[in-house]
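J.: Please see the structure below; I have some questions.
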């Protein structure tokens, strides 16, 4: 019997195969026993036994490395736990309210600085900007120069000098130079207290006006507008002018003459210093800086070509801001011209021994070491000592630079209380003007130079200087400056601040027309304002930041409007005050650099000292 094999072959069925189930079972058992007597290969075992229980691998293959499974599990678990803990901590820090420690209040010098700069806003002439922030001031002097026969027809702008409405270019230029010097040295401090843009705007207001006072586009000029307004009341003159009348600048209706000079070396050299120093301040504004440098060069050339004192030919100038010499302005202006241009001819002039001799560098005298709008020698000596300390140009300049450096050291010694070059009041105020009225303008200038020189020394890694055989640290100079400024700010026998608006007790009757007359829509004529001059009532307008003339040599002070020696502020005085306040500000902040060592040298080429000439050949 045949059956069909499903694989295609015949399937033969024998009779013997038709056995009972028991027979088949028995035969199978015999087969199984025989089969099991042989060892099974792996495939057979898996087919017969099916999927068995597999052991867990002890290692984990990460592709590039094989690690123990236990270590892998612990590592992953630790990372996840750390991530969870970190997230929890961050969540807590973000959600839990924190107590912010407030910034420490500004020091007294910084607070006074904010106010001292506001004085210049109150002194502006011309069309005031909207952000001037002096509510009782308005546009004034809008016809200055326009109705005069002078060649310079537009003299609108600039600053009023003091409590009057006269624009004296000589002290105004000095004030701008001082402010520019302070910005060049301490721009980082101005920026830290938020006043850098403000002080630069103040300087530009002044330099824009100075550029109007001469033909700034020319290379050669023959005259300068030296003054706008008049104040001479000698001989009982009753002609209306800026001193005879007591009128708000906004209400002036009398003529304001323009005074020109044709031989005024002192004025021209000081104006040159103002424009040259400002060109460094505005070095990032290349077109304006270049304009300032050109104007400064034109003025300095005029100063050298047309010799003469500006006050010699003007009774007005001689009465109020008399200049005794122009040699110190040559020295001062030459130094600033060198820094602004890098032209070595200016440095050669500033280090000429003959010029220094004419300027009084070798003969001393009662005003030696007194820095002011009239005497620039001390400032020039410090300014040129800076060049030696940081660049050391060597021959042929070293001889005079080392002399100026030594003279500066002597002047700094004269400021110290242990020496008797200058008297002091019982309250400790140094008498640089030998007991004459209005001492504070000289004090702040000396305090600025002392602080600046101390910063120069430290920036040059020099801990101090010698006064004879004795060595003094730079801290002594800063202490001198602090005691003098602290006196001005209220630490004096009268417990009075001489800066208006600073402290609890300050002058309330300032000799200042704009501050003393209320802005009440009433136009007071020349004599009509006298009642505000003579009243005992406090000023209706606070002249914030004005440093008044100051106390007498006995620490006495009378807060009366009619005595200008006590209560009148000036541009030059406030410029010195601003300069020393920024120099002293930020005390106790070690991260603040002392000075900006390099900006003043922006235009100065690299120094390659010229070797001295060889000695003459030996002759037997």
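Here the Cβ of each residue, glycine as well, is placed from N, Cα and C on the backbone.
Pulled from TrEMBL, these are the listed features:
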ACT_SITE  511  active site
ACT_SITE  559  active site
ACT_SITE  568  active site
DOMAIN    109-581  domain 'Glycoside hydrolase family 9'
REGION    1-25  region 'Disordered'
TRANSMEM  71-93  transmembrane segment
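Mind mapping these onto the model and telling me what they sit next to?
T.: Residue 511 (active site) is surrounded by 26 other CB atoms, counting those within 10 A of its CB over all protein chains shown.
If you average pLDDT over the domain 'Glycoside hydrolase family 9' (109-581) in this model, you get 96.
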J.: Could you give the Cα-Cα distance between residue 568 (active site) and residue 511 (active site), in whole Å?
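T.: So the alpha carbons of residue 568 (active site) and residue 511 (active site) sit roughly 5 Å from each other.
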J.: Can you tell me how many other Cβ atoms are located within 10 Å of the Cβ belonging to residue 568 (active site)?
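T.: A 10 Å sphere around the Cβ of residue 568 (active site) contains 22 other Cβ atoms.
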J.: What whole-number Å value do you get for the CA-CA distance of residue 511 (active site) and residue 559 (active site)?
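T.: Computed Cα spacing between residue 511 (active site) and residue 559 (active site) is 9 Å.
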J.: So if I draw a 10 Å sphere around the Cβ of residue 559 (active site), how many other Cβ atoms end up inside it?
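T.: Taking every protein chain into account, the count is 17.
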